[in-house]
Every structure is written in structure tokens, then in C-alpha cells.
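S.K.: Can you read through this structure? Questions will come right after.
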Amino acid sequence: MERARKPTALATTPGLPPQPQVTLTDSNARLTATLPTGESIDILLHGATILSWKDAAGRENFWLSDAAKLDGSGAARGGIPIVFPVFGTSDGHGAEKLPQHGFARNSRWEFLGKSTSEAAKEGVKLDFGLSSQNLSDDVRAQWPYTFGLLYSVTLDRGSLNTTLVVTNDGDVPFEFQTLLHNYFRVDDIEKVTVTGFEDAPYVDKVDQFKTKSQAGPVTFAGETDRVYTPAQGPGHPLVIEEDGKPRFRIVRDNLEDAVIFNPWVDKAQGMGDFEPKDGWKKMLCVEPGSVSKWQTLEKGDAFEAAQTIYLV
Ligand code: BG6
């Protein structure tokens, strides 16, 4: 019924600013987070592997193989696989039975939820967990320690932070190594240089594990697989440049080492999940880690380490 004097509408509550959207897809196997400004990440719960990181214009920052295993049947080739508790393989330190790069990249993690924080001013923080209880009996038999891993991924407008906290929840100490195996997407590996490694000692895995010293920026002209311990410490940024222009700046926290890896022609041919076969031209791994030594974690102790990747 028309009324001469309708009640005035209540003043609308001022709307919240647009919020980041977090969506679980693929029967809860995958998660996408998108900021109101357009930046996005895509994460596979298998391995808590970040598969994709796009800027606001939709430009992809990570390389992901066309043949990457995304169904939980193996570790994904690309993005950021998490290496824990061993880098490569080892015949000591309690890691004798573990497969290459450990089990974290090949185990299903739990999504623990999203939050906003001081650290993520305009962004979003996503937490993932993996503990001994989540592991299959086979994996527990390979590494019988009681541990917890908390992996926090913070997407902000121009940066991505990944933080790993390792806790020893058992009664006996354990040793571990860890590494964030970033696969960056580049336009042409032969035009890439990486700075921040000047004067760093490194172990050259493609030259009989000889120890060498880096002179000037790192450049690429063949298979590259090196474990660096940058001389200026973790606080000193590592910068990936293309055509002389900085593209990614990586700041490490409590990660002393960084591996640089590109398989080039022959090794890429031999990797079953590496597609296209000439994809080595478009990728570069720069992987902050703690791998040249072993961390020992006593009962009840925690280890925290992180990287922040800035787009520049
Ligand atoms: C790098 C190692 O970190 O990872 C290389 O230094 C290795 O030696 C590469 O080939 C890829 O490892 P995977 O197990 O994923 O094939």
C-alpha cells in the first residue's frame, strides 16, 4: 500500500573494503586466493605447493611444467615445492631412508585457514600444516620423528612471503634440512643474470661437487646446479635480472644457502614430468634453503625461516 510518508531508509552501514577471495576447488585439493587488486596465487594441498603467482595484470611469475603431477601421485614440477627434511638424499643424519628432497613436497597438507595481518597490509595470509600424524605409515617408517610444520603464505600487492616453522613435538632430537624450491618464469634464460652471489663459495653439482667461488653475477650457458652460501648473509637480497632489468628480489630470513638450478637440454630430456622439453629456456630455480649443514632441533624447540619475493 502506498503511503504518503514512507519511513526514510536507514543509512546503509559503510561497506567493508573489498576482501581477498579464497576458494577451494578440485574437491578441496586446490585453493586460489585473489586480492581485490587482482593479484592471485594457486596452491595445491598436496605438498602445499604454490603453483602459480600472478600479478595484478595477470602476468605469471612461476614456471610450472605442462606435465606436472597435480593429482597427488607425486611432487609437482614447478611453483614452490617445499624441501624437508633432506635436500637431495643423504646416507646419514636420520635421512637414510628418505626419497630425494624428503616427503613434505609429496604429502597432503591441511589448510588451516586465512587471516589478515599487519604483515599483509592489503593482502592475505594462508596457513597450512603437516605433522607426523598426517603421514602415511610408509613415510613415518622412513622418518619416525614427531614433528610439526606450519607453512604460511602471505600474498601482498607486490610480494609473496613464505614462512616455515618446524617444531619438534617428540621426545628425541632430530636433524633436518629445508629449502623453498622456487621455479621462476623467465622470458629467456640466456638473458638472465642473478646478483647477490658475488664472492660466494659454492658446490658445483655438475662438476664433481667441487667447491668454487662466484666471480660477478651468475649467468647461464649450460646445465647449472650449484649450492651457494652467499657471503653477505641471508639479509642480503638475491636479484634476478632479465636484459639487465631487475625482475625478482628475494630476501631471506634464517636461510643461509641458496641453490641455483637449470637443467638445460639433456637433463630436461631425461625428466619425465618436464614439459615442454625446451621449457628450460623459460625457467630458473633460485632456492633459498638451509642445506649445506644440518639443523638440530631438540625436544620442544622450534625453527623458523622465511623468504619474501618482491616484484621489481
Ligand atoms: C635441485 C637440485 O634443487 O633440484 C638438483 O640441486 C635437482 O640436483 C633439482 O635435480 C630437481 O630435483 P627433483 O627431485 O625435483 O627432480
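Note: Cβ is positioned from N, Cα and C throughout, glycine not excepted.
Where the annotation comes from TrEMBL, it is an automatic prediction and has not been curated.
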S.K.: With the ranges 1-23, 93-115, 208-230 to choose from, which does TrEMBL describe as region 'Disordered'?
M.R.: 1-23
S.K.: For the binding-site residues listed here, R77, R105, which shows the highest count of neighbouring CB atoms within 10 A?
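M.R.: The residue with the densest Cβ neighbourhood is R77.
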S.K.: Would you mind checking how many other C-beta atoms are within 10 angstroms of the C-beta on H181 (active site)?
M.R.: 23
S.K.: Between R77 (substrate binding site) and H181 (active site), what is the CA-CA distance rounded to a whole number of Å?
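M.R.: Counting only the Cα atoms, the answer is 10 Å.
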S.K.: Cβ within 8 angstroms of the Cβ centroid of R77, Q100, R105: which residues besides those meet this for the substrate site?
M.R.: G74, A75, A76, P81, V83, H101, N106, H181
S.K.: Applying a 10 Å Cβ distance cut-off over all chains shown, what neighbour count does E287 (active site) have?
M.R.: 24
